[in-house]
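Trainee: Quick one: structure below, then a few questions.
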Amino acid sequence: MSIGRVVVLTGPSGVGKGTLLKAILSQHPEAFLSISATTRSPRPGEVDGQHYYFLSREEFQTKIAEQEFLEWAEFAGNLYGTPRSPVIEQVNLGRTVILEIELEGARQVRKTLPSARQVMLLPPSVEELERRIRERATEDEAAIARRLLQAQTEIGAAKEFDRCVINDQLDTAITALEAAIFS
């Protein structure tokens, strides 16, 4: 049995990571999407253990101390991390493991797993990104401003990634992301 591959997928909030990943995973059930842990509150419809592992800050910090995360970072006032053991288990089973994580987490993974493929998902424009974030209607103006500021940093880091995919037309973006992950 061959060893699997880790693929890191990063992109600004609102760029469409969830939509594209849903399409990719429906076409590639052999791939494994790592479920991240977070201290943020669940959004409507999100289920613990399916979308994220929702933890208190104290629980999260205990897991950091016990080195249970492959990577972790603070983003928009919340902690996010990738539980280590499921990733290692799935890679050892020969599966492609996708980590949907923030920029700082991607940088940590580059240090700990230099063979991981790093893919940045980009918006067609900052204006379109802002429209998508506002369309969610889940955040106040201050949170939107923070996300847009962070997006500038993330877009500026695109050169650090092995592949970049622009999410403009959905079908084209799905095809490009599929190639970035599996080829």
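Quick reminder: no glycine exception, Cβ is built from N, Cα and C everywhere.
Residues or ranges marked as ATP binding site by Swiss-Prot on the basis of sequence analysis: G11, P12, S13, G14, V15, G16, K17, G18. If you look up Swiss-Prot, you'll see 4-182 marked as domain 'Guanylate kinase-like'.
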Trainee: Translate the DSSP assignment of G18 (ATP binding site) into the three-state scheme.
Mentor: helix
Trainee: Centre the Cβ atoms of G11, P12, S13, G14, V15, G16, K17, G18, go out 8 Å, and tell me which other residues of that chain have a Cβ in range of the ATP site.
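Mentor: Same chain, not in G11, P12, S13, G14, V15, G16, K17, G18, Cβ within 8 Å: L121, P123, L129, R132, N167.
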Trainee: Out of G11, G14, G16, give me whichever of these binding-site residues has the highest number of other Cβ atoms within 10 Å.
Mentor: G11
Trainee: Under 8 Å Cβ to Cβ from G18 (ATP binding site), same chain, six or more residues apart: give me those in sequence order, or none if nothing qualifies.
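Mentor: Residues satisfying the criterion: E100.
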Trainee: Within the domain 'Guanylate kinase-like' (4-182) only, compute the mean pLDDT.
Mentor: 93
Trainee: Which ones in the same chain are close to V15 (ATP binding site), with CB under 8 Å and 6+ residues apart in sequence?
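Mentor: V15 (ATP binding site) has long-range Cβ partners L121, L122, P123, L129, R132, A151, N167.
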